[in-house]
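Visitor: Before I ask anything, let me first share the structure, which is written out below as structure tokens.
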Amino acid sequence: MELSFRSHFLLSVLLSCLVHSTAFALKKPYIVYLGSHAHGPEPTAAEIESATNSHYDLLGSYLGSNEKAQDAIFYSYTHHINGFAAILDEDQAAEVAKHPDVLSVFLSKGRKLHTTRSWHFLGLERNGVIHKNSILRKARFGEDTIIGNLDTGVWPESKSFSDEGMGPIPGKWRGICQRGIKDGFSCNRKLIGARYFNKGYAAYAGLLNSTFYTARDHDGHGSHTLSTAGGSLVPGASVFGYGNGTAKGGSPKARVVAYKVCWPPLENVGCFDADVLAGFDAAISDGVDVLSVSLGDEPAEFFMDGIVIGSFHAARNGIVVVSSAGNSGPQPGTVLNVAPWMITVAASTIDREFTTYIALGNKQHLKGSSLSANGLPSNKFYPLISGADAQAANVSAAEALLCKAGTLDRKKVEGKILACLLVDNKRIVVGQQAALAGAVGMVLANDEANGNDVVADAHVLPAAHISFVDGKVLFAYINSTAFPMAYITRVKTMLNTTPAPFMASFSSRGPNIVEPAILKPDITAPGLNIIAAYTLAVDPAGQDFDKRKTPFNAESGTSMSCPHVAGIVGLLKTLYPNWSPAAIQSAIMTTARTRDNKLEPMLDASFAKATPFSYGAGHIRPNRAMNPGLVYDLTANDYLDFLCARGYNESQLRLFTNETHRCPKHFKTSDLNYPSITVPDLNGTMVVTRRMKNVGTPGTYSAHIKAPAGVSLSVQPQNLKFEKCGEEKEFKVVLKPKVAGKPVDYVFGKLIWSDGVHYVRSPLVVKHQ
């Protein structure tokens with residue numbers, strides 16, 4: 001039953017009192033995870049009530065009464081995920097965790113969106129960049145696939161969500177269009193549903209006003225990601241005239257659904273596990289085919305993480321979950337969303353740039369990126385000053401070089417082009433500070449960690465974002481010249497740029513710190529300067545100071561690459577409705593490429609050779625994915641075997657499925673039938689087992705190996721003969737170090753199965769124990 005606005009209001013008051021009052025200062029929102037329900041996939045009202053009452057009974061046995069349990073519980077997950085969210089103190093949570101029916105108890109943590117905006121195809125991607133029309137036509141543009149998006153909501157009036165030419169809503173849809181108070185929100189045959197979940201947020205934020213009771217997108221992130229995955233075709237889309245073309249989602253005829261689980265940030269996080277799990281439970285029940293999840297935080301043990309739990313239940317119900325890898329690169333071991341039952345997506349560039357040039361007084365020219373709507377006031381050179389030379393009183397030169405609030409002297413900056421150093425993602429905020437200090441323009445240079453990533457932002461003044469290498473040239477000129485001068489050209493859209501793709505510096509890297517035997521990320525996709533739908537509730541910078549509005553905006557981050565893959569999954573679901581989520585993941589991974597448009601190995605943002613820890617299996621190739629030849633398939637039992645190897649016992653596994661599962665005696669985590677092969681603990685001879693399923697025509701596939709350096713490797717057997725579609729064959733990979741105790745660091749290779757037509761590629765990642 002839907003709660004009224006008044007009921008929501010009273011609930012938020014209650015949560016505020018529980019969490020923030022002095023008497024209950026130690027009480028916090030916890031999630032109590034119980035596994036799966038005994039009832040079927042479409043529970044009756046009586047079964048839902050029974051599940052809710054069972055939660056009251058369980059918690060009431062610790063709190064003293066069911067009435068106290070009802071006061072404490074603010075979510076009961078009653079459809080596919082079994083559990084509840086409740087306000088508890090630490091001791092109560094610890095006691096509940098001892099209950100034999102409880103799998104885990106953990107804090108409802110906050111998670112971040114994975115855009116490189118300070119906060120808060122694709123969209124105009126040309127066909128040659130990400131996919132050609134062949135897969136679109138064969139998959140009927142993703143017709144009647146339902147793509148859900150866990151994010152900040154949606155701007156329903158966007159042309160990307162127009163239902164023009166759409167047929168009736170598919171009968172499999174079981175969801176709702178949840179409206180707020182006078183928010184004017186409505187759905188149609190394209191945007192077929194929307195829900196919002198805010199109780200987990202309210203548990204930290206306290207009393208919420210009516211603006212929090214809507215699925216409408218007040219941030220822009222949700223509209224951008226949802227339209228990238230499944231937006232309709234929109235001719236004449238651009239950002240202030242740049243990148244003009246037809247916007248389209250990966251599955252432009254798909255039906256789309258918004259699940260708003262993210263809200264304005266509290267201490268830099270705004271998507272709380274309690275709301276995320278509620279969104280997952282609803283999406284599974286509603287009947288979505290694909291879920292795009294562009295959010296996450298520090299990885300945790302699998303069933304202490306709301307996204308991992310939600311995606312596990314989604315996968316069990318045939319839903320493909322696509323998640324972002326995170327924006328904490330290029331440091332190793334930063335990748336997020338690392339469970340094997342979800343597709344984890346890194347971010348790389350495309351072959352389109354929004355280019356501006358900085359002409360220096362010494363006749364040098366530096367290439368930058370921008371979406372600044374206006375040019376300099378006059379077609380002339382202006383004085384150029386470094387932030388370090390424009391420092392305000394009592395501010396160090398190092399601080400002023402970053403051009404942050406309060407560090408600049410307006411008298412020194414006014415009428416000049418200001419040069420600043422970028423050490424974080426707050427590019428537009430730096431531009432605003434430059435404008436407030438009186439600068440006529442800004443050049444923003446990367447530090448070494450940001451490398452060659454240059455992002456096109458809709459700055460509030462003429463601006464150019466330049467690479468670390470060019471930044472060194474810029475500051476050397478300033479520091480060696482008595483009266484440095486510069487000019488910034490107007491922005492031009494450049495196509496067929498090289499090299500592309502290369503990896504974004506911000507894209508989080510492996511290895512997987514939760515389970516090193518599973519390579520993450522899985523795949524990379526376009527994630528820089530992606531144009532897609534936006535909200536008209538805020539400016540393109542997502543900041544209060546900018547009063548401009550645009551129906552389309554360019555964004556960067558693994559938040560943007562994630563829905564590219566979700567859109568391609570939508571096409572594959574239309575082509576192969578009976579394929580498992582694992583088969584679709586395999587098709588995407590084993591057909592990826594690891595070379596750029598110069599036919600050279602893909603590079604990192606520093607222009608060093610990238611590795612599978614950056615790109616997983618490689619850059620997505622949708623046309624190849626629709627005809628992979630063979631796939632590495634997985635069932636729910638395979639995932640349970642994997643959990644056995646992770647140390648879960650049979651009693652715990654029964655809670656996941658309500659069925660008995662016997663753990664195999666000799667199964668290793670590296671034996672999970674995953675499309676990549678990772679051995680993080682090579683010590684003597686080791687054998688890894690895999691099996692292939694034929695999803696094409698009969699044929700014989702031969703193994704081709706590029707062994708990792710210092711590793712002796714063989715495949716047994718070397719040929720696999722398939723006589724029919726659906727047939728499966730097993731093979732083993734035998735690995736042995738050439739020198740005892742080595743390799744000390746990770747080394748990389750690849751295994752390719754080919755019948756002369758199909759090339760089924762798997763990355764090999766190996767390290768000594």
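Placement of Cβ uses the backbone N, Cα and C atoms for every residue, glycine included.
The active site, charge relay system annotation in TrEMBL covers ASP151, HIS221, SER559. What TrEMBL lists as domain 'Inhibitor I9' is 30-114. Sequence annotations record features per position, and here TrEMBL assigns domain 'Peptidase S8/S53' to 142-616. Residues annotated as domain 'PA' in TrEMBL: 399-473. As annotated by TrEMBL, domain 'Subtilisin-like protease fibronectin type-III' applies to 671-766. As annotated by TrEMBL, signal peptide applies to 1-25.
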Visitor: What counts of helix, strand and coil residues does DSSP assign across the domain 'Inhibitor I9' (30-114)?
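Guide: Tallied per class, the domain 'Inhibitor I9' (30-114) gives 33 helix, 28 strand, 24 coil.
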Visitor: Taking just the CA atoms, what is the gap between SER559 (active site, charge relay system) and HIS221 (active site, charge relay system) in Å?
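Guide: Given the Cα positions, SER559 (active site, charge relay system) is 8 Å from HIS221 (active site, charge relay system).
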Visitor: Per DSSP, how many helix, strand and coil residues does the domain 'PA' (399-473) have?
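Guide: The composition, in the requested order, is 22 helix, 17 strand, 36 coil.
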Visitor: For HIS221 (active site, charge relay system), just count the other CB atoms lying within 10 A of its CB, please.
Guide: 30
Visitor: Going by DSSP, how much of the domain 'Subtilisin-like protease fibronectin type-III' (671-766) is helix, how much is strand and how much is coil, in residues?
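Guide: The domain 'Subtilisin-like protease fibronectin type-III' (671-766) comes out at 1 helix, 59 strand, 36 coil.
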Visitor: Got a sec? Which of these active-site residues, ASP151, SER559, has the most Cβ atoms within 10 Å?
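Guide: Per the Cβ count, the most surrounded site is SER559.
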Visitor: If I take every residue in the domain 'PA' (399-473) and average their pLDDT values, what number comes out?
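Guide: In the predicted model, the domain 'PA' (399-473) has a mean pLDDT of 94.
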Visitor: In angstrom units, rounded to an integer, how far apart are the Cα atoms of HIS221 (active site, charge relay system) and ASP151 (active site, charge relay system)?
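Guide: Counting only the Cα atoms, the answer is 7 Å.
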